[in-house]
Amino acid sequence: MKNILDYTLEELIAWMKDNKESAFRAKQVLSWIYKEVWDFYEMRNIPKALQEKLNSNFYIGIPKIVERFESKIDNTQKLLLGFNDGNIIESVIMKYKHGYSICISIQVGCRMGCKFCASTLDGRVRNLTAGEILSQIMVAQNVIGERISNVVLMGSGEPLDNYENVLKFLELVNSDYGLNIGQRHITLSTCGLVPNIYDLADKESSITLAISLHAFSDEKRREIMPIANKYSIKEILEACRYYIEKTGRRITFEYSLVSGVNDGKEDAKSLGKLLKGMLCHVNLIPVNEIKENTLKRPSKKTITDFEEILKSQGIEVTVRREMGSDINAACGQLRRKFLETQM
């Protein structure tokens, strides 16, 4: 059986025709699904014979909520979601003045090996399909009873390491028959898989591209990010400039501040020099401390000094607001904690 959430309208129309059903039924079925009717037999305008046929060929792949946590600090919600194969992923729902945002997973685990990230500690288990990525937003909207207005592909996994499924997800989430979330409301965070950055630019994407940079030099970046052994900072920045040129979109550079590793004043000056003149924004992220490594968060003064040095060089910069700190809301932390309890 296939997950119907993986189907575009055109693909479902083709299935209907192949199965001697009227093409218009495809849109009816998807309309029910996106209205949160997740049982074929409850779709009132679908003939019983077609309901039976759908139920024999498809399942509606909405994951189960394994655990749900809500922060007492800022109402951030963390969902542990379980799929039929027993795999667990996590999503984070954040409430802002402008509406709700969600940070979603792209893979079960991750193979990028970044030293500061909990989601990569056990490697990549498997890719999520386009429908599985999409289903996280559908579950979240069902939980909060409101529309998700912004999506961040920054949960467990590297989006450009699951590229074809991510491209299809972008088509599904943007579709007017589906969730209809515009690409300008979507941010994709990547370690910097250069060929796919070029390809995304050539597709004239209007999503916000966020690059996990975390260092100003290849030598320093290799210490904390194995992907730096494959793609140099120079190659990544060239791809970023191409993306800006093709799309007109500003790039975000993510920079996890790690005490004694990349948080010095010279680091800040060198980073500012590296990015000067580029249409970009720097998002400083004080590292989340996890028990599996010895990385420490810098002091507040160190963070502020780093920020001010970048500002003095004309770089747009913010320090990421920490949300859900009381519920292990950082990437991969909650899933790993849950898996440890199952051992």
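Yeah, the Cβs are placed from backbone N, Cα and C, and that goes for glycine too.
According to TrEMBL, the protein has these features:
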| type | residues | note |
| --- | --- | --- |
| ACT_SITE | Glu90 | active site, proton acceptor |
| ACT_SITE | Cys331 | active site, S-methylcysteine intermediate |
| BINDING | Cys110, Cys114, Cys117 | [4Fe-4S] cluster binding site |
| BINDING | Gly157, Glu158, Ser189, Ser212, Leu213, His214, Asn288 | S-adenosyl-L-methionine binding site |
| DOMAIN | 96-326 | domain 'Radical SAM core' |
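Locations of recorded TrEMBL features on the structure.
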| residue | record | Cβ neighbours (10 Å) |
| --- | --- | --- |
| Cys110 | [4Fe-4S] cluster binding site | 27 |
| Cys114 | [4Fe-4S] cluster binding site | 20 |
| Cys117 | [4Fe-4S] cluster binding site | 24 |
| Gly157 | S-adenosyl-L-methionine binding site | 30 |
| Glu158 | S-adenosyl-L-methionine binding site | 26 |
| Ser189 | S-adenosyl-L-methionine binding site | 22 |
| Ser212 | S-adenosyl-L-methionine binding site | 25 |
| Leu213 | S-adenosyl-L-methionine binding site | 28 |
| His214 | S-adenosyl-L-methionine binding site | 26 |
| Asn288 | S-adenosyl-L-methionine binding site | 19 |
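Here the domain 'Radical SAM core' (96-326) returns a mean pLDDT of 93 for the predicted model. Cα to Cα, Asn288 (S-adenosyl-L-methionine binding site) and Cys117 ([4Fe-4S] cluster binding site) are separated by 8 Å. Ser189 (S-adenosyl-L-methionine binding site) and Cys114 ([4Fe-4S] cluster binding site) are 13 Å apart (CA-CA, integer value). Cα-Cα distance from the residue listed as 'active site, proton acceptor' to Glu158 (S-adenosyl-L-methionine binding site): 14 Å (rounded to the nearest whole number). Considering only the binding-site residues Gly157, Glu158, His214, Cys110 ([4Fe-4S] cluster binding site) has Gly157 as its nearest partner by CA-CA distance.
Leu213 (S-adenosyl-L-methionine binding site) falls within neither a helix nor a strand when secondary structure is assigned with DSSP, and so counts as coil. Once the Cα atoms of Gly157, Glu158, Ser189, Ser212, Leu213, His214, Asn288, the listed binders of S-adenosyl-L-methionine, are compared pairwise, the greatest separation found is 18 Å.
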